[in-house]
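Notes for the one structure printed next.
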Amino acid sequence: MSYQVLASSQNDKVSKIVRPTTTYQPSIWGERFLQYSISDQDFSYKKQRVDELKEVVRREVFLECYDNVSYVLKIVDDVQRLGLSYHFENEIEKALQHIYDNTIHQNHKDEDLHDTSTRFRLLRQHGFMVSSNIFKIFKDEQGNFKECLITDIPGLLSLYEASHLSYIGENILDEALAFTTTHLHQFVKNEKTHPLSNEVLLALQRPIRKSLERLHARHYISSYENKICHNKTLLELAKLDFNLLQCLHRKELSQISRWWKEIDFVHKLPFARDRIVELYLWLLGVFHEPELSLARIISTKVIALASVADDIYDAYGTFEELELLTESINRWDLNCADQLRPECLQTFYKVLLNCYEEFESELGKEESYKVYYAREAMKRLLGAYFSEARWLHEGYFPSFDEHLKVSLISCGYTMMIVTSLIGMKDCVTKQDFEWLSKDPKIMRDCNILCRFMDDIVSHKFEQQRDHSPSTVESYMRQYGVSEQEACDELRKQVINSWKEINKAFLRPSNVPYPVLSLVLNFSRVMDLLYKDGDGYTHIGKETKNSVVALLIDQIP
């Protein structure tokens, strides 16, 4: 931490401006992603081969699978985990509906743990009503999971994955998670060379439900290739599709990197975090499909501006400067730029307003109304940043409940979900934006998850400088508990938020599906970047490895 002391003169009076700045780690990527090109001929060839393989899968894999439930489960699970589900949404829906209609009311006493757990997980992932009581057949007379299950590693792993689809109050799934976690940890400790050891290790680190789809696919493709019974067509398609999408994503990142260099915030606002690559990774974790390219580009630019704004309010601007900036943001008028001081705030303000104007042009007249909702969400976010700056300026210590009224906005996830929707074109309607503007419950659950995971791992670093209290400090004071007790309670609330998000998928859902998908995937990104530390501010090994896996290394 450092304090910048600047001199300013007004009416021949000299005053000192003290800025509680901090030093952030510079970008570790340099200009690596600035330029990228692929020959049109090579891209077209790969695209043609992908299309050919998709038809083979439809003709030879899905059309042959309905008579054997175990086979259906395996194909659907493999297709999803290989990152191919967006190509076969109709086929997957039809297959799962067939499984649901033909098995949900049957007696499953003779089923093995693996198939029961896989069916449960796949159906719940897609919103089908399926009771967790089906796992009672795997318990003994004392109500404990049977000891004989301990040696069934595929079954244990499948039950472990299924347990992450639980709702609040489903004790049997909580027990299943504890049971499987204990014995799977013991397995990887004792059986390091077992064929399933690496797959179990990855699952314990991050279950399917909390994994970024592309990152999970990257790992699973390698695992799938090593399976004796793998489908060669699916494997070839998965590899080609991953590499083809990576080309598109690299091209997008190159475009975004050039924009980032052009606005030159790295030099004009040197106090802010330089994380454009990590921010693109963030959005790549939310949606990866080719048709959502515009949504990724728009959303990455906006989250980059929000990150810079966070650093302006958090670690640079004086209260007076921030007050004027916030007033200007609310007015949203380029004529306000000239009154902003210092010059870097003018620069930020102009870039912010110009970006939203460009978004309107890119979307076209019929879609431009969506930008209004994104702009209002950004205003609200920066207003929350200012409320936290006011707490610091006034030395005010909010209660935990009072804190949440502001910090569930300042976490930024409502703004980002609204912004992500504006580039999704036909997927969303004006009613969806109106519904989101009313702060529905699923957004509160998503924001709780985001805010608490962030604060648990970052509050100590933030408190090293002048900083408003986090939810951790507010919880400690309101309830008179230790830091560890506060963090433990916030973690419990994160777990409950995951369970509420799971339940929101239950059909029929009153939540628009694009919103459900965004909530789930934004939550997954939090688990990647904030589970074991602030992997965004302090670029950790996992963040770096994820960038390499998704944006640098191709699959041979």
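Glycine is no exception: its Cβ is also placed from the backbone N, Cα and C atoms.
For the (2E,6E)-farnesyl diphosphate site, Swiss-Prot gives Asp310, Asp314, Arg451, Asp454; the one candidate out of Arg273, Arg341, Arg491 that the record lists there too is Arg273. Counting only same-chain residues six or more apart in sequence, the Cβ atoms lying under 8 angstroms from the Cβ of Arg451 ((2E,6E)-farnesyl diphosphate binding site) belong to Leu404, Ser407, Leu408, Ser410, Cys411, Thr471.
Per DSSP, the secondary structure of the motif 'DDXXD motif' (310-314) breaks down as 5 helix, 0 strand, 0 coil. Here the binding-site residues are Asp310, Asp454, and the one ringed by the most other CB atoms within 10 angstroms is Asp454. Sequence-distant contacts of the motif 'DDXXD motif' (310-314) (same chain, at least 6 residues past either end, Cβ-Cβ under 8 Å): 24, 269, 271-273, 322, 325, 345, 348, 382, 385-386, 388-389, 412, 462, 467. Cα of Asp314 ((2E,6E)-farnesyl diphosphate binding site) to Cα of Ser458 (Mg(2+) 3 binding site): a span of 13 Å. Cβ neighbours of Ser458 (Mg(2+) 3 binding site) (same chain, under 8 Å, six or more residues apart in sequence): Ser470, Tyr530, Asp534, Thr537.
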